[in-house]
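Have a look at the structure below before the remarks.
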Amino acid sequence: MMERRRMDVALLVLFLVQLTTALEVPLDLLEGLPQPPTITHQSPKDYIIDPRENIIIHCEAKGKPHPSFSWTRNGTHFDIDEDPNVTMKPHSGTMVVDISRAKAEHYESVYQCTSRNKHGTAVSNNIVVQQSRSPLWSKEKLKAMVVQEGVSMVLPCRPPAGLPPPIIFWMDNNFQKLPQSSRVSQSLNGDLYFSNVLREDSRNDYICYARFPYTQTIQQKQPISVKVLNKEPADERKPTFLIPSGPSSSKMVLRGQVLEMECIAEGLPTPEVSWIKVSGDLPAKRTFFLHYQKTLRIVNVSESDAGDYRCTARNRLGSVHHTIKVNVKAAPYWISGAPRNLVLAPGESGVLTCRASGTPKPLVTWAMNGIPIENSPKDLSRKVEDDTIIFTDVQTGSSAVFQCNVSNDYGYLLSNAFVNVLSETPRVLTPSNKVYQVIKNHPALIDCASFGSPIPKITWFKDSRASTLDGDPYIVHDNGTLEIHVAQARNSGKYTCVARNTLGNYENHVYLEVKEPTRILKQPEYKVVQRGRSVVFECKVKHDPSLIPTMTWLKDDGELPDDERLIVDSDSLAISDVTENDAGVYTCIMNTTLDHDSASAELTVVEATPTPAVVYERPDPPTDLELTDQKKRSVQLTWTPGDEHNSPIQKFLIQFEDSLHHRGHWHNLTEVPGSKTTAHLKLSPYMHYTFRVLALNAVNLSRPSFPSRMFKTEPAAPDENPTGVQGLGTEHDNLVISWKPLTGLQSNGPGLHYRVMWRQKLVDSDWTTVTVANNSKFVVSGTPTFVPYELRVQAVNEQGAAAEPQTAIGFSGEDLPVAAPENVQAMLLNSTLAKVHWEPVPARSIRGHLKGYRVYYWRDRSLHKHNPHHAEKQILTFSGNHTHGMLPGLHPFSLYSFNVRLYNGKGEGPPSPTQQFETPEGVPGPPTSLLVTNPNLDSLTLEWSPPHDRNGHITGYTLKYQPVNDSNELGPLEELALPANETSVTVFSLKYSTRYKFYLNAITVSGAGPAISQEAVTIMDEAQPASPFKNISSSFVEDGTLISWEYWGPEKNVYVEYIVKNSEGEEEWQKELVNGSQNVTLKGLKGGLSYRVRLVAQGHHDQPLHHSEELVVSVPAVASRQVDIATQGWFIGLMCAIALLILILLIICFIQRNKGGKYPVKEKEDAHTDPEFQPMKDDDCTFGEYSDNEDHKPLKGSRTPSNGTVKRDDSDDSLVDYGDGGDGQFNEDGSFIGQYSGKSASRETAEGHESSEAPSPINAMNSLNSFV
């Protein structure tokens, strides 16, 4: 019984998955839709931080409304406001810790981010924050190691434990990498192993280095001294393992990680190590051997990598084995991806699946909005089945975010997935009027991305919308995309996609343009040209005239040389004065925005000598075509190849012409290799064949051969029957049987016709048979209405009939339904939504394919007013065999009428009896108007009109008001309850000269409706209202006088008035509107006059004007225009005289020069020579081995910021490969700190005379260039 129940649950889950898969949509593309929070970015679970930089813990989320954020620290609420070092980025949950005033270790904790809005709560992973550590090496005195030649030796490294662990490498005192081989190698833990030592291993500078990547430092161990003695060399011996010990060991690795195993052996001579997998083969693409075969590495480990691995060490004296048993465990991992968000309509069902695996099997727990689901409020529509939550008949308001946690001993997975319950009319996301362009004979994909809840059904129409596009050549995909597998010119036009669901429909129009393909009609040909001659490559192209083509030429798949000898024309490339460098392959490419075509040809350049060059041309056409071994459906064709023209023939192409059916059209039949001259051809019956052969070599195809003699095949009965057989009625009493006729090649003989057979499917009757000439349909009249028929169509010619045809099912014509739905009832869900139920119409009364039901409903009148409301009927269509539907958008407190009708492919049936229902009262609309009158020192009178949409009986009004100060800050809110029969009220006890904001809303039994608001100001005293203007000033700008002020009044109509000071009484004030700003430039003020300026604020027609204090503005007079000196006669005469004198001086100088005289300037040039214009000596340009420029540059691969820290760099030529940079300086404890900087020339000179025992950091870094 339990097994049966599990099977039922599995089937239900599978069914629900199929129902809800299509609702996965990008909600962030749709404005205004509510959405629970979704975490979009978060820091990693194990978050290692740099202790020198601020801590940034990321938490970003989206949702509508935008979510708020909070954090927990070590499982308890973390109040960010209480910690002055912690801030949160605006509109984000990302937390920033300023460590300039605190230590990073104080914030090492486990953090979790929570994102919430009114629709749900999402949580992040547990983020474990740890600072990176690079501890110093413990000080120790190392004794020199003295060993006999030939024995094994291990130099321990034992680096300090860091976070993350350091990278180990060995170097000498000169920072040169110690050579490693099959005899000497580094183990995975950093120790240096010698299988046997030699005399040359003696040295006193074996130094182990540890690189800590986060802190950019390199730590150095004290040097180890090794002395090898050769007094009593060790004897030769067979191998033994240094590591691992014993005959076997075991190792555990997690799925997806890297498995590394090592076997290091000692022996003399040096042993060689090999690996095998005892229980199978090593994974070839994931297996790597390192450290001279001593280390076996398998990346991306899977469960199949578990088993026994054997390493063998062997020399000529023997071998030794070690077996490592590998166990593969697995932290939890998703089987089919993390749970996906669900969008469901009210009343629909869905499923959340959290399917994961691991070793050991992980435990699955669920939470809702961050609370364990067992502690969440009970919901009958939700059922938890292990790793699945099943939702049935969800309701509005049940949106939430569910957390799935999958964990075992090796890790966990945490995923958020929301269930969003929406009721949305369809919307098409594809831009309207989008133009799709596609090349002829290519596939065309036209998008109709849509959203709606319930999920919309997509229907496509073309141009006149005569019928839906749901058959050949159209394919409608599940996501709404319309595909045309092979687009033709007739497919161009306007396409309409309609998205429908139970709440409405949405249309979107797009356009398809099918373009002609781009084709190269004349390709460039192979050329052999003598040096110095010219050559032309032609490339003639045909393309669609509406597309803009671009011709590009390439040489050897690269750009053409920038040489004026190469001239590119619209359809050719010309090269003049050809040289040897011009030889190569030239390619012409014709590009359009949709496609391209290309062709290539080779240019060979030869010397201009009498010796004829080898000419490569396309082959001559084959000759002597003969037909032998003639049979009913085959023949053998033989031919003689033509001249190859120095290029071997690669293949032969055989073509045929059928002069009986397609005279003048040649078709490709088959291809044979160039080494053959005979082909056995399979033929079709009732054809008049003529054959020809073309040869292909590396240059091109040959011309076609002369045709062979005609070979006629005998007629035969058809090999196949028509396809696409279907039956449907165009009238209620007929049946139209149609099919796809055979082509001439398929007929196999003359006299093709069709044998059409039909009979009723559910009645035991004989087949009715008729013979139809070469047509594609037959009409059967006098059939019963909408009856299933079995159909067959068989091909027949004069030679006989094809095989027995397959049976298809069709239906005779439909008629209008004859019955209406019964037991129609309406159930009110709220004041704007009703649910209509009905019983389905019996099948015998449908008389056609059931398309669905339509509910006609209309509003008769409001229950508040007894006059009828002549509203248009509204129609809701429910496709399929539904028995209920929702009527949304109803008016509260109204009387509605409705009926239900069935419709099929023919049309609608009769309506059900019209019924009525009354919607309950709803909240009212806002009052129609709100006016403020009679402002006094401490009171205001408000008058209003009742709401236009009462939606019930008004039971009263609520008036709220509060003061507003000059900075628009709101004061305490007061509230008054008013009876329903009042339309005015006087509010007392107000402060004088104060602006107030009033809110008024109406109330029914269903609650309060939206409020209408108004602002007003109490007056300052009985005589003069308070002015809302202050700080009025004036200034003069380039284009007028700028008047500025501050305004705090409620009136929107503000303007400036000005008048000339001391003007006569009949002159009027001039007005200048300000359009909501608090400054205006008056351009009409005349210079030299003084003006009186004031500001005016105008409220309602029955309210007094508010004037500011008057401001007197004196406009400065404009200075008189200065005389332009350039236009004066005396100035022009003076300039002409100066020009004449200069001309006379030039003539005199010219005469003196011709007489041989020298200028003083020339004499000076001859007498003096600049001693600085001497060539620089080579000695002055010599800077030794290192120049000053080099000394001042940072070391390649490192950089030193101003704060003294060193950031990562990607150089391959420095200690960065081990330590990401450093300054090359040793601390007292031997550490090697990664903060490199260049030295000045003086410092290097001074240090050059010091002891050479301490190596130079600059030289040290240069010596690391080859260590990667």
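Even glycines carry a Cβ here, placed using N, Cα and C.
A TrEMBL annotation is a machine prediction, not a hand-curated record.
These features come from TrEMBL:
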- 1161-1180: compositional bias 'Basic and acidic residues' (COMPBIAS)
- 1241-1252: compositional bias 'Basic and acidic residues' (COMPBIAS)
- 1259-1268: compositional bias 'Polar residues' (COMPBIAS)
- 37-124: domain 'Ig-like' (DOMAIN)
- 135-225: domain 'Ig-like' (DOMAIN)
- 239-327: domain 'Ig-like' (DOMAIN)
- 332-420: domain 'Ig-like' (DOMAIN)
- 426-513: domain 'Ig-like' (DOMAIN)
- 517-604: domain 'Ig-like' (DOMAIN)
- 621-716: domain 'Fibronectin type-III' (DOMAIN)
- 718-815: domain 'Fibronectin type-III' (DOMAIN)
- 820-922: domain 'Fibronectin type-III' (DOMAIN)
- 926-1022: domain 'Fibronectin type-III' (DOMAIN)
- 1025-1118: domain 'Fibronectin type-III' (DOMAIN)
- 1161-1268: region 'Disordered' (REGION)
- 1-22: signal peptide (SIGNAL)
- 1130-1151: transmembrane segment (TRANSMEM)
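The DSSP breakdown of the domain 'Ig-like' (37-124) into helical (H, G, I), extended (E, B) and coil residues amounts to 7 helix, 46 strand, 35 coil. Mapped onto DSSP helix, strand and coil, the domain 'Fibronectin type-III' (1025-1118) counts 0 helix, 48 strand, 46 coil. By the Cβ criterion (distance under 8 Å, sequence gap of 6 or more), the domain 'Ig-like' (426-513) is not counted as touching the domain 'Ig-like' (135-225), fewer than 3 such pairs being found.
The residues of the domain 'Ig-like' (332-420), classed with DSSP into helix (H, G, I), strand (E, B) and coil, number 3 helix, 49 strand, 37 coil.
Here the domain 'Ig-like' (37-124) returns a mean pLDDT of 91 for the predicted model.
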